[in-house]
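Taken verbatim from Swiss-Prot:
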| type | residues | note |
| --- | --- | --- |
| BINDING | Arg21, Glu79, Lys118, Lys442 | (6S)-5-formyl-5,6,7,8-tetrahydrofolate binding site |
| DOMAIN | 214-367 | domain 'TrmE-type G' |
| BINDING | 224-229, 243-249, 268-271 | GTP binding site |
| BINDING | Asn224, Ser243, Ile245, Thr248 | K(+) binding site |
| BINDING | Ser228, Thr249 | Mg(2+) binding site |
Amino acid sequence: MSDTIAAIATAHGVGSISIVRLSGERALEFALKLSHKTKLTPRHATFTKLFNQNNEIIDEAIMIYFKAPYSFTGEDIVEFQTHGGFSVSEVLLEELVSLGARLALAGEFSKRACLNGKMTPLKALNIQDLILSKSALAAKIIARNMQGNLGELLEKIRTDLVKTLAFVETSIDYADDDLPSDLLEQISTMCEENSKILKEIYTLSQSKKGLIEGFKIAIVGKPNVGKSSLLNALLSYERAIVSDIAGTTRDTIEENFKLGTHLLRIIDTAGIRESKDVIEQIGVALSKKSLEDADIILAVFDASRVQDKEDEKIFDLLANTDKKIFWILNKSDLENVFKNTQNKNFIKLSAQKDITLLKEELQNYLNSFDSEGIMVSSLDLINACKISSEAIFRAKGLLEESSLEFFAFELNLAINELARFTKDFQRDEILDEMFGNFCLGK
């Protein structure tokens with residue numbers, strides 16, 4: 001990490017300011033050359049003109065110097081706050097490269113922070129998740145994770161496992177020295193407790209992932225019951241074509257919208273019915289796939305039409321699902337001839353007039369999800385918790401069978417999985433993969 005890296009840290013586009021970030025051994029040297037200054041006071045904002053090597057002015061900017069190790073990366077960092085737009089920051093970046101800086105790779109600033117002990121990979125993932133969060137609630141949950149509770153918990157579990165492994169491997173090396181029965185009991189209890197904690201983390205994260213990622217809602221029903229009208233009403237704008245002709249929607253339509261603090265992704269599906277039309281058949285297949293992927297289902301029926309076999313097929317399709325279903329009787333402002341033979345608790349509404357009741361029911365359901373507790377958004381970390389929990393559980397069984405070598409193997413597996421997200425992990429190839437999806441300049 002002897003080279004000095006540079007990147008634009010703000011999003012591309014027109015704005016009031018743009019920030020160019022510089023990190024490495026020569027960061028201060030380059031900043032002094034650009035500004036014609038002889039020194040910079042750490043952590044002080046300095047207003048200055050910036051010049052290229054032909055002594056032509058680039059911009060007037062604010063420059064802040066963070067002296068190592070008291071910086072984001074643990075190296076010398078200089079941040080330039082220039083005027084915004086597409087050009088100025090690009091010109092400054094080109095000038096830094098001509099002085100000897102290298103363009104940073106995606107996530108390289110965060111990677112250097114991890115390698116220099118300024119943060120754990122878990123903290124870096126939380127920062128990236130916060131940047132990409134799509135709702136106020138998601139940002140709140142991720143910000144809470146950043147305060148260290150999850151990182152401290154994983155580090156404690158990893159430390160417990162390492163200490164236990166040391167005892168067991170010593171016993172393996174000195175076969176004549178059996179582990180005392182009281183110590184075996186303590187180890188067994190430790191395994192049971194830590195396996196349970198990790199299982200709770202990944203099961204909670206899976207069951208409540210909609211709080212962070214957004215809940216997926218699929219609208220389903222036979223053709224021409226008002227599914228597209230309902231989609232438009234929820235979005236508050238005309239997104240889908242509304243027609244009296246059955247089968248108008250042949251593909252799924254997906255859009256995001258917010259209800260309170262919750263992000264929702266709503267999917268309007270093609271009407272489900274028997275059809276000889278090949279394109280419509282494909283649409284129906286996509287509709288059924290959307291139901292599998294959805295967290296919530298809005299099952300729509302037409303109050304102005306007598307219940308028929310196509311309605312029955314919708315009931316049958318949803319009979320064995322464990323997903324939350326809102327049963328909706330649309331067009332309830334018209335003469336109601338639909339017979340509720342299934343005794344469903346229908347929400348009666350008119351999608352073209354008022355869906356307030358549906359919004360209230362949805363809001364109440366979403367608010368019933370407790371946002372407290374440790375929730376993980378990273379699929380990689382969820383899988384690591386699952387693998388570790390299962391390995392520790394297996395290790396406990398092997399301990400009871402006195403299979404210490406296999407016990408040590410399982411414990412090592414759990415330790416290595418958790419270590420990828422804690423302060424002791426330093427393997428460059430895994431960090432490269434982890435930070436490859438980060439923003440440039442982060």
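Glycine is treated like the rest: Cβ placed from N, Cα and C.
Model, not experiment: these values are computed from the prediction.
Rounded to the nearest whole angstrom, the C-alpha distance between Asn224 (GTP binding site) and Arg21 ((6S)-5-formyl-5,6,7,8-tetrahydrofolate binding site) is 55. The Cα of Lys227 (GTP binding site) lies closest to that of Arg21, out of the binding-site residues Arg21, Glu79, Lys118. Here Ser228 (Mg(2+) binding site) is positioned 47 angstrom away from Arg21 ((6S)-5-formyl-5,6,7,8-tetrahydrofolate binding site), judged by their C-alpha atoms. DSSP classifies Arg21 ((6S)-5-formyl-5,6,7,8-tetrahydrofolate binding site) as strand under the three-state reduction. The CA atom of Ser228 (Mg(2+) binding site) is located 51 Å away from the CA atom of Lys118 ((6S)-5-formyl-5,6,7,8-tetrahydrofolate binding site). In the three-state DSSP scheme, Glu79 ((6S)-5-formyl-5,6,7,8-tetrahydrofolate binding site) falls into the strand class.
Each of the binding-site residues Asn224, Ser228 was ranked by the number of other C-beta atoms within 10 Å, and first place falls to Ser228.
Least packed by the Cβ count within 10 Å, out of the binding-site residues Arg21, Lys118, Lys227, is Lys118.
Model confidence over the domain 'TrmE-type G' (214-367) stands at 78, taken as the mean pLDDT rounded to a whole number.
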